[in-house]
Amino acid sequence: MPPVRRPDCSKTATFPPALTSQQHQVCIATAFPDKFHLESFSEALPPVTIPFAKYFNCRPPMNATAPPAVPLDAELQQAITEHQAGRFAEAEELYLAILQAQPYHAIANHNMGLLAGQVGQYQAGLPYLHKALSVNPDEGQFWLSYADGLLKAGEREQALEIVTAAIARGLDNEQSQGLRSRIETAIASTPTAQETQHVIELYQAGRHAELEAASHALTQRYPESDFAWSVLGTSLQLQGKDAFEALQKTAQLAPNDAEAHGNLGTAWQERGMYDQAIDSYTRALELNPDFVEAHGNLAAALQAQGKLEQAEQAYRQALALRPDYAKGHFNLGNTLQSMQRSAEAVACYQSALALLPGDAEIYLNLGNAQQDLQQWQAAIVSYRAVLQLAPHTKAAHANLAAALHGAEDYAGAVASYRRAIELHPDDAKLHNNLGRALQSLDQAEEAIAAYERAIALDGDFPQALSNLGLLQCKQKNYTAAIEYCARVLRLQPDDAQASGQLAIAYGAAEDRDNALKYFQQAVDLAPDSAASHRQLADYYSTIKRYPLAVEAYRRTLELDSGDSETHNHLGVALQELEQYDAATAAYERALALEPKNISALCNLGSTQQAQKQLEQAKQTYLAVLEIDPAFERAHFALGNCYVLMNEQLLALECYHRTLEINPDYRDAYVNISATFSNIGRIEEAIEACRKGLAVCPLWETLFSNYLFLLSHSTEIDPQALYAEHQRFSDTFETHIAKEHAGHSNVRDPLRTLKVGFVSGDLHNHPVPHFLIPILENIADGAKLSLYAYHNNPQNDDITKRLQEVIPHWRQVEHLSDPDLGQLIRDDGIDILIDLSGHTGKNRLLMFAAKPAPVQASWIGYPLTTGLQSIDYYLGDQFFTPPDELGDQFSEKLLLLPACVPFLPSKVAPSVQPAPVLTNGYITFGSFNRTNKINRQVIARWARVLRAVPDARMIVAAMPKSEAPPQLAAWFAEEGIAPERLTFEGRTGMAQFMAIHHRIDICLDAFPYCGSTTTLHALWMGVPTLTTAGPTMPSRAGNMIMRQVELDDFVATDEDDFVRRSVAMAANPMLLGAYRFSMRHRLERSTLGKPKLITEGLENGLRIIWQRWCEGLPPVSFEAPVAVPNPPIGL
């Protein structure tokens, strides 16, 4: 948070004016400087008159013969030549060289004195002229030159003494008399010593009004006295009155007085006329290069004009002359701070404080510089020092609050802002900053009140409006957020940042059109701003428009290629597009710029993991944790990697460590539940979901996982299960349903219907195996025109086969729900069918917005969706008998001849004799996924194995070709010897089918029975012993076995399940006979008649469409078909 700033307090505008040299008794110096400075002098001068070429007739005092002249050597002649030519610097060097060798060289001293006067440095020239006269008092020119120098230096009384003495010594001529006359005139225009002493005493006594009156009287009496005008200027300044005319008059009367020009410069500067001030300071420094205050004030004037480099140079010159010049250190610090050289500024302020330890203003600026360097604790110390010296300093309270905020002491920041507000209750900026501190404490309501107070004080305060708008956005008060952000943009219509903030508000409100409009406007307003392009890119990523995000990120990097995080974000977008090589390159570039960018390193591991480079990914995640052991994302990602490596328990450790670090890390709850599910610990999986929903009650993905897992639970009844599905609708669908738009589909009951399928499983997955036989029978497209919306980038040979029978294919995994809904509307879909339900990669919230007039769910999920926006569920009399299950569905039931057809695998081998006939013992089997195999299932299977003591069991489709630790432990608890059990890992389809040759009877799971695996087993001649439960997933085995007229394999309860297994094991010949009838049974059943199911589907879809055309509500019904299904027989 930037500190609250006050106007620059340079302390350089003025210094108290000094009295000119005329206020003091003047003495002739007995020493002279090594050198006087000519570099800054540019005024044209008259030709030099060399003293020995006399310009008046000098009569020697005692006789007419002058002393012999000093011989002229080559050096002196060269110096005189340079002098006469106006090359003063060169002449100065030569004179000084002579005086170094002969300090009492009269002519060299005399000419150096003249030279100083010619450049206006009369005081500097007096020691040279005095020495020349002292060395040769008989040279008349030396008397006159010294008297003239004293006059010009303002030493009038001394000048009169010298010229009078010269005349008395015999130098009485027109030139000497003229000089004495000029001196007397100057003395007559100068206040007397008594008058001078009087005003000095008034000044020293601080009697400024009397000083003004006395000095004003002097100007009346001596209108040409620079002393009188200078004192008048001083008296006016001391009283805060306008002294400009007096100081200007002083400089006119004393053109060679450095202090007069310095004081005039101060007067110009007070009027904001910096060019004139700079001219005056420059003239003062020409007259006196060592005038420290003039250097300082010149620097201040340059600083006021923004000429910071020149100001810095001037301050440094002042400090070189006077290292203990506190104001110089302070003002140099201000200049450096303005140049963003905060570290150097800190050093300057500290030097100033060493000289002025009690100056609050220096402490304040020191704190500001430290805060700019994010030296929060040091800044806090400085601001507290200010408040000890000046407790009511608003800026100190405000800036202390900002430093405390930077140090993450938010409570302290709030207290400091409140103290500042007590002192200045109407300062809108303080209320705005208080709002930010309160917001950091998550005190949203108080922060809103602070922002509103700031806006009440200043209705056009963009920062407060923006802060309030973004906070309202976080509070999901989107209308208010948009209103405030729009006000900012109206105040600053050309401000790209304001446009971007309004876009953020629209984006949060899911108004994508306006969000994109204003993000794009921000880019248009600032086409060279990397930040504007980055915002647009991030939003494209948010709404899953990854190709556009990639383009925008690359444009951002063209403008700022050195931003590590932009490379990282580009990598994420590329990874979403499965462009793994490009994503890897982006992450590596991010890491080259910032080797410890743990987000980019973690994302690199994710890319390796996506490419099945699991060991590399694992090592990458571990490298992240070496840098930051508390980086929860790396623990989570490592857990995911362990899942893929079938190290489920290690994965759980990682997920739990993630939640220890951050209890709100919601994805960890999903993966904990999924991992528990994968090892059959369903109730623990459900409990993880409940904990996650307590943290994130509006996370639809977790809620869907929770419902899916409930369908596997033995601890919930059908009514409670249905109620939880209804709660999903109440939680998510209600507010979406309010936004339903009407449908423009033509209400023609007989036209070709556009039917869309939405699924994340249109690849090698059970869903297509049921779907393809039907789609192949919808051949001509005369009745139905098919569209697919595949919500998964995974495509394979099954996908290609589906694409052959679905003419209109859409990859939609990158689209947001609103964008997908709009695509479906644009395609004009009449009937939209969900094939996922509450399984992975579903788009149920998109269905909640009702993009199609009629919507249904089918195949992918054996329970209700719970959504009111889905009109029908497609089942059959076996799977979804209305009398038994109708009240478990929010949808109406559309009953097909069979819920699904069965498509045998092309790699299935021929049926072989039952293995019991050769083994002499029965072999039970299971191909269910592990999350169907819970503790109760193992207990039931163990009862069977104990009841048939010589039986064996093969548990296939396991994560590894070994006993999963959890299942092995459960079997051991039931007393089943491990040698009776064989575990087979997941395999290819051909090997999967071949395992059936070794199995006599499959034992079903519960309460989520097998379906696809049951059908495959039947095709291989293996029946499944099952029970009929009270829900659709618990009656799948029952439905299939009754469809093929194998009712003997359907038990009523667990005891009956055990009895039937014992009976079947005792009758191996019957098992052998059944084995070779299974394929015939399947082919003769409705499950084996895809054309019949297709007919029912087409007729059923036509009926529900006609009802919509007529404005009739959905109803449950059985789809009519022309030919009823005959008995199978053997």
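The backbone N, Cα and C atoms fix where each Cβ goes, and this holds for glycine too.
Caution: TrEMBL annotation is automatic and unverified by curators.
Copied over from TrEMBL, here are the features:
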type   : residues : note
REPEAT : 106-139  : repeat 'TPR'
REPEAT : 258-291  : repeat 'TPR'
REPEAT : 292-325  : repeat 'TPR'
REPEAT : 326-359  : repeat 'TPR'
REPEAT : 360-393  : repeat 'TPR'
REPEAT : 394-427  : repeat 'TPR'
REPEAT : 428-461  : repeat 'TPR'
REPEAT : 462-495  : repeat 'TPR'
REPEAT : 496-529  : repeat 'TPR'
REPEAT : 530-563  : repeat 'TPR'
REPEAT : 564-597  : repeat 'TPR'
REPEAT : 598-631  : repeat 'TPR'
DOMAIN : 749-898  : domain 'O-GlcNAc transferase C-terminal'
DOMAIN : 917-1091 : domain 'O-GlcNAc transferase C-terminal'
- Item | Listed stretch, out of 106-139, 326-359, 394-427, 530-563, 564-597, that has the most CB pairs under 8 angstroms to the repeat 'TPR' (258-291) | 106-139
- pLDDT averaged over the residues of the repeat 'TPR' (326-359): 95
- Who are the long-range neighbours of the repeat 'TPR' (462-495) in its own chain, taking Cβ under 8 Å and residues 6 or more past its ends? 428-429, 431-432, 435-436, 439, 444, 447-448, 451-452, 454-455, 501-502, 504-506, 508-509, 518, 525
- Hey, which bits of the same chain come close to the repeat 'TPR' (598-631), Cβ under 8 Å, at least six residues off its ends? 564-565, 567-568, 571-572, 575, 578, 580, 583-584, 587-588, 590-591, 637-638, 640-642, 644-645, 661
- Near the repeat 'TPR' (530-563) in space but 6 or more residues beyond its ends, with Cβ under 8 Å, are 496-497, 500, 503-504, 507, 512, 515-516, 519-520, 522-523, 569-570, 572-574, 576-577, 593, 813-816, 819
